[in-house]
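Data first, discussion second: the structure below is written as structure tokens.
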């Protein structure tokens, strides 16, 4: 137990590293997708919808294998870690764009009408009136997706990124102590996930301070 | 009336019933007899204990002491426990029809299935016969055309009429109404009252907790005013509603009847 | 950058066999996880702490750790004790994982059925068990339909993860063909499209089921 823990801790940092990068880049992907949905040029809107539908409709695991093994065919030769970040970002981006849109649409239409009637433009209305009110719901939905992504990051072990699940599997194979290894690595996932939940809750409270309750 | 009450067959008898929720005693020794074929109304402010009393008759509330009997059989039986009590109370309840303030229709079942569920499952009634019975009861409450509709499509008044039909399906010895019209919009109260009135005409034994003073006065054979967990006053509705003896009753009626008194 | 989809056609029978295994696993796990989830939910709500607490812990543990880690644990853990085929480990692992998620939903929907429903049924003379069976659980099931559908759609996509422990479903079945033909891109595109088609069919089914049950809520 004592000798395997440092290895698992080190691997857990890789899990955190790959997840944080994927979430940050995923947010950029999601923002682009949301923006594409509001563009006047129809094919762009159509692309955004099709992208979200296909990514959500296919397994993350198959997406990972497609880009890692099939990538070189289309000139995309990525190392395992980068591949994990890129596929993670483009995967969570699709889900996140829906979460962002849902949060924006949850804000009462009267709010933007009132803002527009004051003379504020579309962008100013979005930034000053709609987004601040959508932020709370947005943060909570993104938090849920982030937790799914952290659990999904275990799949990059298949393309031999030495993250938590990869290390756990290797140690189970070499020490034949599945219960101990499982307990320690499960605990690490739980700690990571609860940390994310805590951060999300703090952020949620900061963004919804104007609420009465 | 009070003199010849002794000679009537008691259907429900409530004797010295006490009930407390934590530190709050909500029933402080209630006595009441509901004779066969009669209609007893209980009125009183909210928190008076009237609903608790009615629910105790159906054993939805468990009383702390006293006795409640239905047709001579004790409802509460501290002496039996577990499965034996379960069998006992299920049997007792099959002989009582209960109508709730919020209807509590089963949303996943059609109107007809709401009515026939109990006879089919508990009396093992044949499906076709149950359907006939259900249609008859729905017809009686004026909703035969809604038999295959789900409760979500019905108005509040229609829901409550179905709930009454559901309670009647087991041919109960007594019907208990727990503020059956309190949750309804004013214009829907009348249709439910009419159904209750038609039951009265058929000499159904009924115990009614209500806020509808006018209805209670018209339909009941005996009326009771409760406040603070005790029976303040009881009498024939004519006397109770027009010339109550107690000041608390007078105050309550003045508030609720206004100029009608 | 040239594409050659002809190896995919050559190995079409292999792929079709893989689809068959994927669907078979999907159906078994769907039944297992929904029935099991309902059972776990009912037991954890209607029994004492000694029984319900470990069940809640089970649900929580399966929901906060990755599926693949659970699969490895089962595969190597059980594999140490007895010799069982990978497909059985896969079905059990995926089944328990989604059983926990489904139980979590059922606990919420059972609790969302109002006390009035329970009282109304009891006042008609139904016992506790009959009330649960005829009144509470049907309503809880109907209310669970949308979320349950989401879970089952996710579950079918997750059957692909079982290839990691050597279950011969669609992804694993294509591995040999890929290593021989060396056309991973073409194969994985086709595999992705197959999952996409299954996904669309399931979403249509879910929408249909939701329409069928909407007015019973």
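Each residue, glycine too, has its Cβ placed from N, Cα and C.
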Where TrEMBL places transmembrane segment among the ranges C:122-143, C:188-209:
C:188-209
Using a cut-off of under 8 Å between C-beta atoms, tell me which stretch among C:20-46, C:58-76, C:161-182, C:188-209 contacts the transmembrane segment (C:82-101) the most.
C:20-46
Same chain only, please: residues at least 6 beyond the ends of the transmembrane segment (C:58-76) with a C-beta under 8 Å from a C-beta of the stretch. Say none if there are none.
40, 44, 86, 89-90, 92-94, 96-97, 99-101, 103-104, 107, 158, 161-162, 164-165
Excluding the flanking five residues on each side, which residues at least 6 beyond the ends of the transmembrane segment (C:20-46) place their CB within less than 8 Å of a CB in that stretch?
52, 55-56, 58-59, 87, 90-91, 94-107, 110-111, 132, 137, 141, 148, 151-152, 155-156, 159-160, 162, 167-170, 173, 198
